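Participant: Below is a structure I'd like to ask you about.
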């Protein structure tokens, strides 16, 4: 009944942008039976002072529709979204309130699903092999399937909702999504995903098919810029697939859909996270480069100190070698002048061996 009434309201100009009082009066006038013919008063009786007001002309100060929108929304919040979608038939003012609540309900159920999915993902392990054996694996599967269903509903309805041509019509789908999400939150061992989501898939598929077949053709004629292509070419628009395609492309360029904006926002967030990671890596690399430069400076200082020590050792060795030679020459001179000592050859051998050992040690140190 709600779907047929939505089609009828779309044909009449239905986006719900009209005066509430006039519609309620017109609708009640159509539902009221014709008044009986007036009878003349009997002779001798007095005529009434003023005619009685019909029910349609009674003051509406005490009716539900006359309340502020906030009060009406607070009252309707105790009802299901399916009942709210059926209340759109009451009058145009009630239609406006119900449309607003249905649109807000779809956005709220999306946020609630994102919150549930974030909580489940935080408890799951990061490895895919461990996730399959985890106790929350079925919870994650059900939430992933609900996310797919929400994406399909978003692509089907929200383009026209953002253009203020209609509202999110199937309130029963919102109720079913809430039922599934509450079931996932309250159950430790839920059933398989296809068993839990069978009803949601059925009613959402029927709602999307009916919307595409019956309501979208009516709404396409009301899209802003539907006749712009014909006026730009100097001729009236020709109905057909090409004209509809041109209209949709023009509208999509002028007013980007909500899905495209969401994708751009996600891409910006991803790029921002990547830039943050790169900045962190660059700062770490700079710290490492500074540490390496400090180590190189320390090594250069140590090398300079070692070079100075080696130079000092070489100078000392040269001085000792010179002194040793002088001693040996004096010893050889004294031994050759006397020629009587038997130990002079032994002293010469020892002196030559000492000189050779000093020379070898000096060569080895120079090589080092």
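Every residue gets a Cβ built from N, Cα and C, even glycine.
The region 'Disordered' feature in Swiss-Prot is assigned to 1-56, 328-368. Positions annotated as compositional bias 'Gly residues' by Swiss-Prot: 12-21. The compositional bias 'Low complexity' annotation in Swiss-Prot covers 22-32, 46-55. What Swiss-Prot records for 61-109 is domain 'F-box', and it gives sequence analysis as the kind of evidence. Positions annotated as phosphoserine by Swiss-Prot: 235, 242, 344. Annotation comment: Swiss-Prot describes 270 as phosphothreonine, evidence class similarity to another entry.
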Participant: Please report the three-state DSSP label of the residue listed as 'phosphothreonine'.
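Facilitator: In the DSSP reduction, the residue listed as 'phosphothreonine' maps to helix.
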Participant: Mean pLDDT, the domain 'F-box' (61-109)?
Facilitator: 85
Participant: What does the DSSP secondary structure composition of the domain 'F-box' (61-109) look like, as residue counts for helix, strand and coil?
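Facilitator: Within the domain 'F-box' (61-109) the tally stands at 35 helix, 0 strand, 14 coil.
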